[in-house]
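Down below is the structure, laid out as structure tokens.
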Amino acid sequence: MFNKITKQIQFGRDTVTLETGQIARQATAAVMVRIGDTQVLVTVVGRKEANPGQNFFPLTVNYQEKTYATGRIPGGFLKREGRPSEKETLTCRLIDRPIRPLFPKGFMNEVQVVATVMSSDKNRDPDIAALIGTSAALSISGIPFSGPIGAARVGYKDGMYILNPSYSELAESALDLVVAGTEPAVLMVESEAQELSEDQMLGAVLFGHMEMQPLIQGIKEFAAEVGTETWDWKPAEQNETLKAAIKDKFAAALGEAYTITEKMARYAKVGELRDACVAEFATGEDGAPEADEVKDLFGKIEKSVVREAVVSGKPRIDGRALDAVRAIDCQVGTLAKTHGSALFTRGETQAIVTATLGGMRDAQFIDALEGSHQDHFMLQYNFPPYCVGETGFIGSPKRREIGHGRLARRGVEAVVPSVQDFPYTIRVVSEITESNGSSSMASVCGTSMALMDAGVPLTAPVAGIAMGLVKEEDGRYAVLSDILGDEDHLGDMDFKVAGTARGVTALQMDIKIEGITEEIMEKALNQANAGRLHILGEMNKAIAESRSEVSDNAPTLLTLKINPDKIRDVIGKGGATIRALTEETGCTIDIEDDGSVKIYGETREKADEAVRRVEEITAEAEVGAIYEGKVTRVVDFGAFVAIMPGTEGLLHISQIAEERVEKVTDYVNEGEIIKVKVLDVDQRGRIKLSMKEAKED
């Protein structure tokens, strides 16, 4: 019934098992990959024909984590998985980025990759298994694909690199780096680090690439055993005569257009030339080329003109040298009522970044496969259409926005204090108001300044820079600092580095071509370091270190410690006491099981009042102290007196007066306020009071 094929590959200390032929047989290809007790089903479906008029490659990647993978039932009313989580969205991008460049140019057939986590041992992140499964499924699908690729996660501890570290190992690691690539070349890097050097980061990339080689070889053997024939697909033949004619007519004008430094004016001029080209060659007559073909060839010539100018040593599009950073303007405190704000402008890229401080209850609840936890640091990135002069839909964040927000977060997270050292929930929002390349790195810079403006005690300022590469087949290449949007689009590499003056905190690399050597990566990292230090110097002119106090607009945080036995008194029956406290003082009160109390107030006065009330409720009677108390009950043998909220003591009849007391009500009555002295507190917390000794004192 099944033609099941299995392949086992030794991958470091793990065994990777690939299986096909039993599950999802109607898909173009399906592979179940297993590492330990983690199992991920990856399916690939490709259409044999492209849709008419298709002018882009419709690749879709979906990654989904099923709660049954860890033996849990989803929460919520519907009890089923909902829209993709941020983690799932980020993993979709992680899979998409290294495979997309390996499909041939001109391939417009729809391809969908679906990776489903069906079992998880909660020991390691399933994303590496999903990447491996995607590579294997594409390799046996027959779809044109220049793979396979391998993938590895790399940690770093005590001067040693760790291949595919577990969650517990990552918690103690100074690095979390994912690298993917083919046998000869690295294609993608995603990482966060604790201020490591450029050499340590490059070493991690090369270590991961070396360690994945057995995996790549194993997938090749697996594909050979499956034996699927590659599709008989050939790209459409290019009209070289037409291309030469367009080049002769428009190459020089395009070169002139790309000397216009202002983005919108340059786009307008290139648009005019494109329209003129279409009008001249796509005449609509019999035998004349279609407009789409003319536009495509015009775009190729445009790309070659810009690239040739770069590698031949001419000034860049905006007139800069290869290693020059655009003009920078930094401001803090730009928004009056926010807790912290910054305006960061670098050339035609601009971000307004805000930092908001909240209480512990404001933390984001994360329900993940490896377990639930609270996130006390959030960074959200918004890219509205107006930032590039366009109209468009504004709504929930797209994959790109989620990815850029996470990259910016990785860049600054290493310098943000722990929640134990700074017990606030922090939300940062980066609003991109102008964009012409490197907006995620502008978000890193703006975030660093906004947090310092809010009084968050960062260990060091952080800056980010995007690097680019143009590499021609003849070996000539140029590494570009602080790339423009056009340089990103027309170049061969997008290389983003964030860090402090001491080291790298985040690195993201996407390479569109093979043949990026260690020498090129080293040059890019060193050039990025110089650019980062320059940007930090410009940022320091606006704010060089965190303010000594949190913003006046931020909630005041006061902490105190109470006896854990008194927690129930603060909470009260059914939460009545703490509800009244929060409503009457306007403060948020968080109480830990160990008696730690955190009070967040809109003003210092409100927070002080809440502290006073809590101390009043939790105060313990001090032997020898005199209190004014209210008589709550009168009995034959004395009276009960409330000396503090929730605290009563017994005033025995013998302690009311010096003379013999026959009748208690001759001296005290219910509701009366009297002075009493605490004589003793026994082991059970019972308090003995004296009225006569209070009078003597």
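Quick reminder: no glycine exception, Cβ is built from N, Cα and C everywhere.
Features of the protein shown, as given by Swiss-Prot:
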BINDING   ASP488, ASP494  Mg(2+) binding site
DOMAIN    555-614  domain 'KH'
DOMAIN    624-692  domain 'S1 motif'
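The helix, strand and coil residue counts that DSSP assigns across the domain 'KH' (555-614) are 32 helix, 16 strand, 12 coil. Using a 10 Å radius centred on the Cβ of ASP494 (Mg(2+) binding site) and all shown protein chains, the other Cβ atoms total 21. In terms of DSSP secondary structure, the domain 'S1 motif' (624-692) contains 7 helix, 36 strand, 26 coil. Counting only same-chain residues six or more apart in sequence, the Cβ atoms lying under 8 angstroms from the Cβ of ASP488 (Mg(2+) binding site) belong to GLY437, ALA466, GLY468, ASP494. According to its DSSP assignment, ASP488 (Mg(2+) binding site) is helical. DSSP assigns ASP494 (Mg(2+) binding site) to a strand.
Per-residue pLDDT, averaged across the domain 'S1 motif' (624-692), gives 87.
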